[in-house]
Amino acid sequence: MEGEPGTGGGGGGGVTPPAVNEHGYPDGKPVADMDAVHQVAYWKHHARKHEQRANAAPDTAELERLRAAETELATRKAADLTDAERLQAEKDAAETARLTAERERDEARAEALRITVAAAKGLTPSQAKRLQGSTKEELEADADELVKDFGPSTLGTPPPLSGGNRGGDVGGSKSTATGADLYRERHGKK
């Protein structure tokens, strides 16, 4: 008996054992500070609590039955709607679809206008994304500012060839006869 928790044991100290709840562990005490007996009681209580919650959940057959009942209820509610209510719901859905289509159309037009202005002003694609404005005039003014601030784009012009002329003076035709004629002309042979 001696040395067991709650028996008082020998020696003073005046330390009273913690009051335990009906589940066998002290309330308000961190698990790390509990002794082994109380920790076991704590974890058993919580395991039982979660097991009861899991067992109380509906099984697959019950879920299927609930889904079928929900579908039937939705069907009955739709059938109970008057013609006026049904027409109003269809009208609301059509209005929402129209507004969405108009918004997408306007966004596409604005993007096309932005791309057109950017191409006309020689802007790079990353500069074109930064154009601000809702009208062609506003976009052109913003594009002019970008060109002024960053200079014109050099995307359209190829970089100069290094190493000089690489046969660019041969002429229009690329045949071996043209090359032979050029050789004779340069070296004086006939």
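Cβ from N, Cα, C; glycine included.
Keep in mind that TrEMBL annotations are predicted by a computer and have not been checked by a curator.
From a predicted model like this one, the values you see are computed outputs, not experimental measurements.
In TrEMBL this protein carries:
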- 1-32: region 'Disordered' (REGION)
- 1-15: compositional bias 'Gly residues' (COMPBIAS)
- 73-105: region 'Disordered' (REGION)
- 124-143: region 'Disordered' (REGION)
- 124-134: compositional bias 'Polar residues' (COMPBIAS)
- 148-190: region 'Disordered' (REGION)
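According to DSSP, the secondary structure content of the region 'Disordered' (73-105) in residues is 31 helix, 0 strand, 2 coil. Residues of the compositional bias 'Polar residues' (124-134) grouped by DSSP class, helix first, strand second and coil last, total 5 helix, 0 strand, 6 coil.
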